[in-house]
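Colleague: Got a structure here, written out as structure tokens. Questions coming.
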Amino acid sequence: MSWTRVVVLSLLTTLLFLTFSSVVDSAAVRDDSKAGHPKGPARQVFVPESEASNFFKRRSRRSPRSYAELQAEQRVKIAANERWREYNEEQRNEHENYAEEARDESDERSRETHEQIREYHYDGLYPRYHWFH
């Protein structure tokens, strides 16, 4: 029974907090607010009609780009290409290191195996250079 009391108490506390919170006031729909004068974030999203039409007049779809816009776009492309190149170079280096380590381990194992075979087959009666003729 004590856990139900804890749950009910926590729910009531949350409800009380949400009731008096300023976040809920800004999210609630009010009847007395005027739609003509937006406040807060709405003012940043919606602009007057004159500013919106000037924005589209200033830069249409077919208008040539300014030199600054072209330069900024080129800088973004160059930076992206550089990041891509660095990433691929890092991946290639990691793969080369892994392949080199694998080759070294394989060479070491084969060398040890060959040494063991030589020692096993050598009986001391003839020089070693006669083995593989």
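Using N, Cα and C of the backbone, Cβ positions are placed for all residues, glycine too.
Below are the features listed in Swiss-Prot for this protein:
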type: SIGNAL; residues: 1-26; note: signal peptide
type: MOD_RES; residues: Glu69; note: 4-carboxyglutamate
type: MOD_RES; residues: Glu73; note: 4-carboxyglutamate
type: COILED; residues: 80-120; note: coiled coil
type: MOD_RES; residues: Glu82; note: 4-carboxyglutamate
type: MOD_RES; residues: Glu86; note: 4-carboxyglutamate
type: REGION; residues: 87-115; note: region 'Disordered'
type: MOD_RES; residues: Glu89; note: 4-carboxyglutamate
type: MOD_RES; residues: Glu90; note: 4-carboxyglutamate
type: MOD_RES; residues: Glu94; note: 4-carboxyglutamate
type: MOD_RES; residues: Glu101; note: 4-carboxyglutamate
type: MOD_RES; residues: Glu105; note: 4-carboxyglutamate
type: MOD_RES; residues: Glu112; note: 4-carboxyglutamate
type: MOD_RES; residues: Glu115; note: 4-carboxyglutamate
type: MOD_RES; residues: Glu119; note: 4-carboxyglutamate
Colleague: Going by C-alpha distance, which of the modified residues Glu69, Glu73, Glu119 is nearest to Glu89 (4-carboxyglutamate)?
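Modeller: Closest by Cα: Glu73.
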Colleague: So among Glu82, Glu86, Glu94, Glu112, Glu119, all listed as modified residues, which is physically nearest to Glu69 (4-carboxyglutamate)? Use the C-alpha atoms.
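Modeller: Of the modified residues Glu82, Glu86, Glu94, Glu112, Glu119, Glu82 has its Cα closest to that of Glu69 (4-carboxyglutamate).
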Colleague: Going by C-alpha distance, which of the modified residues Glu73, Glu86, Glu105, Glu119 is nearest to Glu94 (4-carboxyglutamate)?
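Modeller: With Cα distances computed to Glu94 (4-carboxyglutamate), the winner among Glu73, Glu86, Glu105, Glu119 is Glu86.
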Colleague: Could you give the Cα-Cα distance between Glu112 (4-carboxyglutamate) and Glu119 (4-carboxyglutamate), in whole Å?
Modeller: 11
Colleague: For Glu90 (4-carboxyglutamate), identify the closest of the modified residues Glu73, Glu82, Glu105, Glu115, Glu119, judging by Cα separation.
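Modeller: Closest candidate to Glu90 (4-carboxyglutamate), judged by Cα separation, is Glu82.
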Colleague: Any idea what the Cα distance is from Glu119 (4-carboxyglutamate) over to Glu105 (4-carboxyglutamate), rounded to a whole Å?
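Modeller: About 21 Å separate the Cα atoms of these two residues.
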Colleague: Between Glu82 (4-carboxyglutamate) and Glu73 (4-carboxyglutamate), how far is it from one CA atom to the other, in Å?
Modeller: 14
